[in-house]
Amino acid sequence: MASGGSPVWALVALLSLLPLVARGERAVGAPEEVPVSNPGVQEAARFALEAYNRASNSMFCYKPVRVLKAETQVVSGMQYYLTVEIVNTRCEKKVGCGLKNMGSENCAVPSEAEQKQICEFVVWSRPWMQDTRLSSISCTPSSS
């Protein structure tokens, strides 16, 4: 017997989602905007910037200016989608780029405000496995 009914079931499944879309509701598991002050967001931003500093070719550390936007998505763990404004400092990487070192005068921000960048980070956290990963980085110079 031919299985010609499968396209019909796909259409029925798709049509069943229309009421959710029409009301503006999000599908279960879709990314959801959260306050930038959320502790999980702040921890993910800290992790992302430390990973960015390790990976960058700059001799100096970057530090966060502010988290501009944050979304979370429940996956196998929590995925954080972050838009963060960062700035280059005068703090040399050999001193360390941890937040405790960022307050010193050596980590002052150069007067050239062109050092700012807007970065999109995706951080995947699975706390029960003590596993946090930076899945994606994309930075562009800030226009402000």
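Just so you know, glycine gets a Cβ as well, placed from its N, Cα and C.
Swiss-Prot lists a disulfide bond between Cys119 and one candidate from Cys107, Cys139; that candidate is Cys139. Of the listed segments 68-72, 73-77, 108-112, Swiss-Prot assigns motif 'Secondary area of contact' to 73-77.
In the disulfide annotation of Swiss-Prot, Cys91 is paired with Cys107 out of the candidates Cys97, Cys107. Distance from the CA of Cys107 (disulfide bond) to the CA of Gly29 (site 'Reactive site') is 40 Å.
Taking the Cβ of Cys119 (disulfide bond) as centre and 10 Å as the limit, one finds 21 other Cβ atoms among all the protein chains shown.
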